[in-house]
Amino acid sequence: MSSLSRELVFLILQFLDEEKFKETVHKLEQESGFFFNMKYFEDEVHNGNWDEVEKYLSGFTKVDDNRYSMKIFFEIRKQKYLEALDRHDRPKAVDILVKDLKVFSTFNEELFKEITQLLTLENFRENEQLSKYGDTKSARAIMLVELKKLIEANPLFRDKLQFPTLRTSRLRTLINQSLNWQHQLCKNPRPNPDIKTLFVDHSCRLPNDARAPSPVNNPLLGSLPKAEGFPPLGAHGPFQPTPSPVPTPLAGWMSSPSSVPHPAVSGGPIALGAPSIQAALKHPRTPPSNSAVDYPSGDSDHVSKRTRPMGISDEVSLGVNMLPMTFPGQAHGHNQTFKAPDDLPKTVARTLSQGSSPMSMDFHPIKQTLLLVGTNVGDIGLWEVGSRERLVQKTFKVWDLSKCSMPLQAALVKEPVVSVNRVIWSPDGSLFGVAYSRHIVQLYSYHGGEDMRQHLEIDAHVGGVNDIAFSTPNKQLCVTTCGDDKTIKVWDAATGVKRYTFEGHEAPVYSICPHYKENIQFIFSTALDGKIKAWLYDNMGSRVDYEAPGRWCTTMAYSADGTRLFSCGTSKDGESFIVEWNESEGAVKRTYQGFHKRSLGVVQFDTTKNRYLAAGDDFSIKFWDMDTIQLLTAIDADGGLQASPRIRFNKEGSLLAVSANDNMIKVMANSDGLRLLHTVENLSSESSKPAINSIPMVERPASVVSIPGMNGDSRNMVDVKPVITEESNDKSKVWKLTEVGEPSQCRSLRLPENMRVTKISRLIFTNSGNAILALASNAIHLLWKWQRNDRNATGKATASLPPQQWQPASGILMTNDVAETNPEEAVPCFALSKNDSYVMSASGGKISLFNMMTFKTMATFMPPPPAATFLAFHPQDNNIIAIGMDDSTIQIYNVRVDEVKSKLKGHSKRITGLAFSNVLNVLVSSGADAQLCVWNTDGWEKQKSKVLQIPQGRSTSSLSDTRVQFHQDQVHFLVVHETQLAIYETTKLECMKQWPVRESAAPITHATFSCDSQLIYTSFMDATICVFSSANLRLRCRVNPSAYLPASLSNSNVHPLVIAAHPQESNMFAVGLSDGGVHIFEPLESEGKWGVAPPPENGSASAVTATPSVGASASDQPQR
């Protein structure tokens, strides 16, 4: 917005204030973000109108803009929370804690725990730091003093706290001056003109005209009472301009049955919703010649009104009665020099020689180190980046020339050199598509390793195929293409049948971006004349016609979560633009700064982590924070990059592939990426090829994957410490199973017992790794904690030192409701929150929510029948719980609204296992009916089901439990049944490996993955504990009962009922026994591991591999 337009807003604000449109004044202040009315803010705080306070603030800043903003929102929400506690309105306080204060836990988890702890106090003033808290009125006044300091110090409020000095009724004066000037231009000026409208210019009419003007020098709209107006607080300073909305709304565009023409306006609005699949980056290429079109540069009128400076000035101290809040990286007394965040991939980890110049790259959506490359001579390559191995290299070849059109055959004869314009994987990685510069699209099916098979060849367009993307209209996987023939076409990905053709562009179509919002699916397309169009799958024409910044080569992409839309374009003059679109308002929200004045090629961009943008420009990779228009940092990758390098992130943002000179590809990595590559490299050095019937290798970076455990829990692992051991490859040595038969051959510890219980039904290590929680068959919970001391500096669980059985000073126990059920018949289940503060549990009665610090019961819900038998949190929303029931149903329950959202029916007996995959967006369930079901978490529809394969000759008890737990790759899962261990692939629900229990052997009681998914710890009815290699389900170590049970119990039928793996130490596990005891196990320090992996079958190792810091088996709240 220009400075004059900004000043006009101030004039309107003054006019509204004078006319006493009070609510409208403050609404315009908020929406424009030009003037922060401190007096109005103070009044709303004093009155406790917290919703209005936050709504008003939202026009100027957001919670995560900077530390000042974060503290402002924190103090407001904390005050609202304390007032609810002071009124003894516990439900409201809990609601504020979950909805408003939870966001701060990621910055200061200890503080959030302390705030949560206030719920357990009768009077929160018992907290030492809040002991001076007075009444509500005085507390608000004290807080307001601190808020004013924070606002005045916040750079986002700079130049917004003073209203410009204006004469009274300045807008009226300007209009009257204009009317006087108009009257002077009248050809027949009348002495007493009558001004009846401002909608058209004034002109005195002849005497025979019907209109009778009034004196022009009368005040506008007559003499009206004047308000006091805004105080003259001094001149305003400079302000960053904002994007101006375009008068071409797209409201209702989806309801129009035919093409609706719109005027082409620079930076026009794109009012569309959020997608399901992130649009991929586009490659630069040489498009056909088009006439040049002028377009505003990045420093013109497309800049956000909210700039976020990197430098932060002095901190403001907090009041004595405030809980102090500090955040990472906080500096005192000095401005900070910004440093590139550690989660950006900045280290050159791999350099790959492709052989020809890369034009397009795409990482596999699940196998995070698998990179697909297309080059300028039509080659495609498939790289395992971790091992630096090129798995596949294919040159361009038409599969069936006889089926090609004559124009294509003629084009290939005239110019046989064909370039790859785009490569892209399907959402599940089972297919990939290649778009070529000559007519052709080829689809390959991928089956792991080097197994790449021809699937479909489509003669798609006349001329080049410029882009290709996958979409799922009507839940049918399709391939969408665009080309030089100015069309967009949609093809059935299974058969190659053309479903739709979209025509309407007047220039070659450069890129496409499929997208869906709710149940409406559509496609964005951009052409080389700068036009952006949107299409529904209905052959009814374009719904949108706007112009993109740069008016030439433009691509569009969404953030990974589909909530934010970006476009990147380069003009024919080399000016490049990245902008974010405000879909709800239909305007350019912000234009990012930092491009070279004249880019030396078409700039390519990508997004990652719902936070960063990256683009290849000026022989470097440039990064932006999505919320800040200024350049975050630029990296040259040790030099040697192309002028406008092609770039591509892997799905989790831990790796970034960048094209370089001399046909090279550089792969950048952050710390997670380096660990991922290191693990893959170590594993590949042990075996070069996967075993027969092995599971394809799938890696996931450490920071995002949560592994659902056998106890219905899924833990987000960030500090797992895998032990990458050097297994012997000496073929001359004979492998021997490791047997542990004496207490001296391992480290084991029976945890001390303050009370006797009959048997342990469920067992969990806490997420922090310093405690164990057990649920006994009598519905009582037991908690052991290790203390930090000289002998245990970390305070983590260890078999070398006994923990303390912990209980609060009140002496109360966490005891589940048992209703009228027989404890022996009840099925206990529980789930632990990721911050270890709460446990949700049931033992045949109501489900209870306990505070782990005080052992108090916070809530109970869902009384039987039916009774809960398994609990699992949804990986994207901690308020959604999947609850398995004893009536064979699965209830999808929303804790916040206390409502069952869906009821899933597919089993015939009680539910015994649930596990979520946040990669495949599915829920896998298992039941006492030995059946496995896969449910889609989007609509909770059953996708597949299969009855467990019971080994031949084995009988099974009528209510035998079947447990499921996802491997760290989130694609394969472990099935545990008394007759077997099995590994299944989820998408096909196919058994990949099975280890059956011999007919004469003791049945399995429980099993779980180690935290890195490399091992499977398994307990048996005869008290034996076995350790298997998860890659091939081969036994590597056996712990006999004599190693941990005293001789007096050797013939007493005492055995493990449940087993749990430590969340960070991959060689530590614990078992819960049928006599109520809990044992923890570790290998001897001299050994460091449980046995040696058996030699690979048929001379090769299986390829289910682990990543360095992912996994778990026993906690329940994954990160959202």
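Here the Cβ of each residue, glycine as well, is placed from N, Cα and C on the backbone.
Looking at 54-79, 210-235, 444-469, 470-495, the range annotated in Swiss-Prot as region 'Disordered' turns out to be 210-235.
Which of 237-270, 1087-1120 counts as region 'Disordered' depends on Swiss-Prot, and there it is 1087-1120.
Long-range neighbours of the repeat 'WD 2' (415-454) within the same chain, counting only residues 6 or more positions beyond its ends whose Cβ lies under 8 Å from a Cβ of the stretch, are 277, 280, 282-283, 285, 359-367, 372-380, 382, 391-392, 394, 396, 398-399, 404-405, 407-408, 460-470, 472, 477, 479, 481, 491, 493, 496, 689-690, 696-697, 920, 987, 1103. In the predicted model, the repeat 'WD 5' (548-591) shows an average pLDDT of 82. Secondary structure by DSSP for the repeat 'WD 10' (822-860): 0 helix, 18 strand, 21 coil. If you look at the repeat 'WD 7' (639-678) against the repeat 'WD 3' (460-501), you find fewer than three C-beta pairs under 8 angstroms, all six or more positions apart, and that falls short of contact. Beyond the repeat 'WD 1' (353-393), the same-chain residues lying 6 or more positions past its ends with a Cβ under 8 Å from any Cβ of the stretch are 280, 283, 285, 417-429, 432, 434, 436, 449-450, 452, 646-652, 654-655, 657, 659, 662-665, 667, 676-681, 684-685, 696-701, 919, 969-971. Packing against the repeat 'WD 3' (460-501) from elsewhere in the chain are residues 276-277, 279-280, 282, 285, 288, 405, 407, 421-422, 424, 426-427, 431, 433-441, 443, 507-514, 516, 521, 523, 525, 527, 535, 537, 539: each is 6 or more residues past its ends and has a CB under 8 Å from a CB in it. Helix, strand and coil content of the repeat 'WD 1' (353-393), in residues and according to DSSP, is 0 helix, 23 strand, 18 coil. Assigned with DSSP, the residues of the repeat 'WD 12' (906-945) fall into helix, strand and coil as follows: 0 helix, 24 strand, 16 coil. Residues 95, 98, 706, 708, 712-714, 817, 819, 821, 826-827, 829-831, 833-834, 840-842, 844-847, 909-918, 923, 925, 927, 929, 935, 937, 940, 1116-1118, 1120 of the same chain lie 6+ residues outside the repeat 'WD 11' (863-903) yet bring a C-beta within less than 8 angstroms of a C-beta in it. For the repeat 'WD 7' (639-678), the DSSP counts in helix, strand and coil order read 8 helix, 16 strand, 16 coil.
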